[in-house]
Amino acid sequence: MTESTPAPVPAEETAPYGAGAAAAVKRVRTHHLQQWKADGHRWGMLTAYDQYMAGAFDAAGIPVLLVGDSAANNVYGYESSLPVTVDELLPLVRAVTRSAHRALVVADLPFGSYQRSPEQAYDTAVRFMKEGRAHAVKLEGGAEMAPQIELLTKGGVPVMAHIGFTPQSEHALGGYRVQGRGETADRLMQDAIAVQEAGAFGVVMEMVPGPIAADITQKLRIPTIGIGAGPECDAQVLVWQDMLGLRTGRAPRFVKRYADLHTIVDGAAKEFAADVAAGTFPGPEHTFDS
Ligand SMILES: Nc1nc(=O)c2c([nH]1)NC[C@@H]1CN(c3ccc(C(=O)N[C@@H](CCC(=O)O)C(=O)O)cc3)CN21
Ligand SMILES: CC(C)C(=O)C(=O)O
Ligand SMILES: [Mg+2]
């Protein structure tokens, strides 16, 4: 075989599809996510709620940051995601968009801020885009949310959908349960198709059996982002406090811990307290001369 010289390819197409294709992109756009699906390049999405995490994930090449309504549990200390409000989430979205220079920033619409009507959804989404400078919004629901997704999309708001286990409907669904098992698999497929046809640019699938998620991923032209939906999704998402081991207690089965921040924080806090008690902090190097 003779070697031929390949034609030069624009920088964006030679993205180092390893640590993150986002590294070669000036600003991640929804069309990049469609392209990565076509290329078979899988990517990761992480939640972020503040400046330093957003900046670190952005610099690490994470292409999509989600300001999740999971801030309810992971920032505000509520027992579920239901109590958190638009006014509580907006400043977090603004902090993340200020420090994410490359990532696409998606803002989660909280419970009660979009379900009533497409008009309500549009007004809420516009606040996240105007005041929070979000690039897109995410909302929970399948076929029943098609009118919302259509109006938002027509009005210039890119929408990521979220199907399967939808935490805002915890009480309606009867707890934290896998969705789409058995005969409900068809309905999940229909929900996925409905959100795609309504104009969603991607769809999160939460706690869905791996084979069902694989079928849906193959069928859709928009990327699927899995959390507890197996390895065949086009992308994966985790809550950062789970991913970095800051949250204690039993984690959901779908969590992989990539660090043990809780142990690091605990050790540092104890060492600080001990130094202060012993008079070894502050030292001369931390003290101003007269
Ligand atoms: N820290 C955190 N991580 C998350 O993934 C997350 C939040 N918070 N808050 C909002 C929602 C709630 N989510 C959750 C929370 C718990 C389970 C859970 O306990 N799952 C169990 C039970 C599954 C079953 O019974 O079938 C599991 O073992 O996965 C699942 C999703 C996902 N989201
Ligand atoms: C778990 C992800 C998908 C989410 O919706 C959130 O963090 O709120
Ligand atoms: Mg959410």
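Even glycines carry a Cβ here, placed using N, Cα and C.
Long-range Cβ proximity for GLU140 (Mg(2+) binding site), meaning a same-chain Cβ under 8 A and a gap of 6 or more residues, is found for ALA161, HIS162, ILE163, THR166, PRO167, GLN168, SER169. According to TrEMBL, the Mg(2+) binding site annotation covers ASP69, ASP108, GLU140.
In the three-state DSSP classification, SER70 (3-methyl-2-oxobutanoate binding site) falls within coil. When other Cβ atoms within 10 Å of the Cβ of SER70 (3-methyl-2-oxobutanoate binding site) are tallied across all protein chains shown, the result is 21. Under the heading 3-methyl-2-oxobutanoate binding site, TrEMBL lists ASP69, SER70, ASP108, LYS138.
According to TrEMBL, the feature active site, proton acceptor maps to GLU206. Sequence-distant neighbours of GLU206 (active site, proton acceptor): residues of the same chain at least 6 apart with a C-beta under 8 Å from its C-beta are HIS162, ILE163, GLY164, PHE165, THR166, PRO167, GLN179, GLY226, ILE227, GLY228, ALA229.
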Can you go through the binding-site residues ASP69, SER70, ASP108 and pick out those with a C-beta less than 6 angstroms from ligand 1? SER70
When the Cβ positions of the binding-site residues ASP69, SER70, ASP108, GLU140 are compared with the atoms of ligand 2, which fall under 6 Å? ASP69, SER70, ASP108
Calculate the distance in Å between the alpha carbons (Cα) of LYS138 (3-methyl-2-oxobutanoate binding site) and ASP108 (Mg(2+) binding site), and round it to a whole number. 5
Can you grab the distance from ASP108 (Mg(2+) binding site) over to SER70 (3-methyl-2-oxobutanoate binding site)? Cα atoms, rounded to a whole Å. 9
Filtered recorded positions, from ASP69, SER70, ASP108, LYS138, GLU206, whose Cβ is under 6 Å from an atom of ligand 3: ASP69, SER70, ASP108
